[in-house]
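Asker: The structure is given below, and queries will be raised subsequently.
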Amino acid sequence: MARLDPKLLRAAVPALSLALLLVAIFIIQPRTMSYFGLNLMLNLALPIAFATMAQLFILTVNDLDLSIGGFVSMVACIAATWLNETPLLGIAALIASIAAYAALGALIHLRNLPSIVVTLGMSFVWLGCAVLLLPSPGGAAPDWLTAIVKFKMPFVPLAIVASAVLGLVVHFGLMRSAGGVVLRASGGNPQAVAKAGWSLLKLKVTMYALAGTFGVLSGLILVGTTTSADANIALRYTLLSIAGVILGGGEFTGGRVSPIGAVLGALTLALVGSLLSFLRISPEWQIGAQGLMLIVVLALRSLVNRFEERAQ
Amino acid sequence: MTYRAILAASAALSFCLASAAASAQTADKSIALSNNYAGNSWRQAMINSWEEVTGKAVEDGIVGSADAFTTAENSATEQAAQLQNMILQGYDAIVLNSASPTALNGAVKEACDAGITVVSFDGVVTEPCAWRIAVDFKKMGSDQIEYLAERYPDGGKLLEIRGLPGTSVDEEIHAGIVEGVKAHPQFEVVREVQGDWTQTVAQKSVASVLASLPEVVGVVTQGGDGYGAAQAFKAAGREVPTIIMGNRHDELTWWKEQKDANGYETFSQSIAPGVSTLAFWVAQQILDGKDVPKDLVVPTLRIDQDGLAEGLEMTPEGGVTNQEYTQDQAAELISSAQ
């Protein structure tokens, strides 16, 4: 009999926990087992999945991004103001913010700064820009954006299709392509990559630019769903995105990430809240229960880790 | 067995039937409370009032169920997700204290489209399909000047204690005070200090300006800062002017002491945390098929000189004066708004 492959097990944990959660939700609240139900439960998970992917790019190069929540908030504010009123200015601002992200990557690499400090500082800058743009909550999402996000796909909700496409595209780009291998290796073994003649600077800038791009997408989807913005709208995404990557099987170091796992992790985090409210747990306990479920999933992970070590 | 007993029994029975008929419309309806924050005494009192009043309403068969939900963090996206879960749970009405006036509009619209009645209160939402039970903070400001104008027809200088800077509540109360002073030009606000709605902060900032502060007849406040101001005046050895209070327990206790000692006069006002129960009854009335205007204004809970002892009784130690609303009060508010 073949032994369980630890690698397979590691990849299976995020999928299994999501499946378990879904089954529990379907049993408790059968109404969710419909197009309408899945769409409602998952449409706010989609921007979290994109923000998680942005975080994954940063984690791949051994850095940590504490500014993604503030960045997504700022993008949401740009989308609800400039992008709606003067589209050209809005598009220019979004491109400029991606460029700023890339420049951050260069700064962190060239000056050899700790990414946590730089991004923590930047989180205040992004939040400041968001407040300047939208001092009091309001604005309106452009109609075309709302139309895209609220588009009703036949048979399968858009949020599921988009999550699947997101996971698969990044999986093939980062895990299967030649370029992806180099990008990941720049986090796992930078010396070897440098010796092989690759520019670490270029690689880092690429990853930060990718993170910025996915952050922009996350903000656009978010504002399309909520239809208007608030400077504090996505501050929670910083921690959610980190938790999503880790739940999905990623590690803090060594370019060890899993894009499909990260998408599953983000969906799991979003659905935990749904399950708890369907269980009608009293408000005082809801807060603690959410944390408890995360700890359970992470405990499963560390079990798998130990299993892996023993297999080696 | 007497005829009287039978008569009484049948009268009681017919009364039960009548009341059952009155609430039959909503007896199987479920209402949910979506709350974004539970971290201070006002919000705790708000949830407790909700549980008390709705628990009784469920027992009496007026509504089917009334569950309370609070999000883990004060975040708009999390609350939007919570609203969407409530839609799936099939609630008939959602009573909402919102984290943001606009960021929940998408989710609120989805709820309306699913045929759910959404009533927002305190933290209201701008989505047109929802009902709003808003606080008239501006009136809270202008009422203070109105009161002082009655007390001091000749006018005089005033000290203003502001709230937390950058919040809309602070802006609106301040605007009301400015408007009041414009209507009664015999008054002049000579100094503004920042009080953050907190006794200790208010005491410190009032104390720091007292040395250079001319004689004032009154202190206009935003609530939660009156006791601190009084302490500052007392510590400096100055006569305490008329300080408007904000229904906090320490403020009312101090006022009572002064009233008993030297006949000190003022008034006190704030929003009762029990406004959640008002929102509950409004939602119930809407579900009952009543025609309710989309915008309602919460009455402030005002304590005057004569009502002080009663007001103090309604105030838990360390908390804010609370009042739970009844179905009749909600119906009255609705009819007065039409």
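Glycine too: its Cβ is placed from the backbone N, Cα and C atoms.
Grabbed the feature section from TrEMBL, which reads as follows:
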- A:7-28: transmembrane segment (TRANSMEM)
- A:40-59: transmembrane segment (TRANSMEM)
- A:66-83: transmembrane segment (TRANSMEM)
- A:89-108: transmembrane segment (TRANSMEM)
- A:115-135: transmembrane segment (TRANSMEM)
- A:155-174: transmembrane segment (TRANSMEM)
- A:205-227: transmembrane segment (TRANSMEM)
- A:233-253: transmembrane segment (TRANSMEM)
- A:260-279: transmembrane segment (TRANSMEM)
- A:285-304: transmembrane segment (TRANSMEM)
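Please situate the listed features within the shown structure.
Answerer: Within the same chain, residues 25, 32, 65, 68-69, 72, 115, 149, 157-160, 162-163, 166, 170, 187, 207-208, 210-215, 217-219, 221-222, 225, 234, 237, 240-242, 244-245, 248, 250-252, 257, 259, 262-263, 265-267, 269-271, 274 sit at least 6 positions outside the transmembrane segment (A:40-59) and bring their C-beta atoms closer than 8 Å to a C-beta of that stretch.
For the transmembrane segment (A:66-83), the list of distant contacts is 47, 51, 54-55, 58, 89-91, 93-94, 97, 101, 116, 119-120, 122-127, 129-130, 133-134, 138-142, 145, 211-212, 215-216, 218-220, 222-224, 226, 228-239, 241: same-chain residues at least six beyond its ends, Cβ to Cβ under 8 Å.
Below 8 angstroms of C-beta separation, residues 58, 63-71, 73-74, 76-78, 80-82, 104, 107-108, 229-232, 235, 238 of the same chain, each at least six residues beyond the ends of the transmembrane segment (A:115-135), sit close to that stretch.
Long-range Cβ contacts of the transmembrane segment (A:205-227) within its own chain (Cβ-Cβ under 8 Å, at least 6 residues beyond either end) map to 43-44, 46-48, 50-51, 53-55, 57-58, 60-61, 65, 68, 71-76, 78-80, 94, 97-102, 104-106, 108-109, 140-141, 145-146, 148-150, 183, 186, 233-234, 237.
Beyond the ends of the transmembrane segment (A:233-253), by six or more residues, the same chain brings 10-11, 13-14, 17, 47-49, 51-52, 54-56, 59, 62, 64-70, 72-73, 76, 123, 127, 187, 218-219, 222-223, 226, 260-266, 268-269, 294, 297-298, 301 to within a C-beta distance below 8 angstroms of the stretch.
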Asker: Any chance the transmembrane segment (A:7-28) and the transmembrane segment (A:155-174) have 3 or more Cβ pairs under 8 A, given the pairs are 6 or more apart in sequence?
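Answerer: Since fewer than 3 Cβ pairs under 8 Å link them, the transmembrane segment (A:7-28) and the transmembrane segment (A:155-174) do not come into contact.
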Asker: In the same chain, who gets a Cβ under 8 Å from the transmembrane segment (A:89-108) while lying at least 6 residues past its ends?
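Answerer: Result: 63, 71, 74-75, 78-79, 81-83, 115, 118-119, 122, 201, 204-209, 211-213, 215-216.
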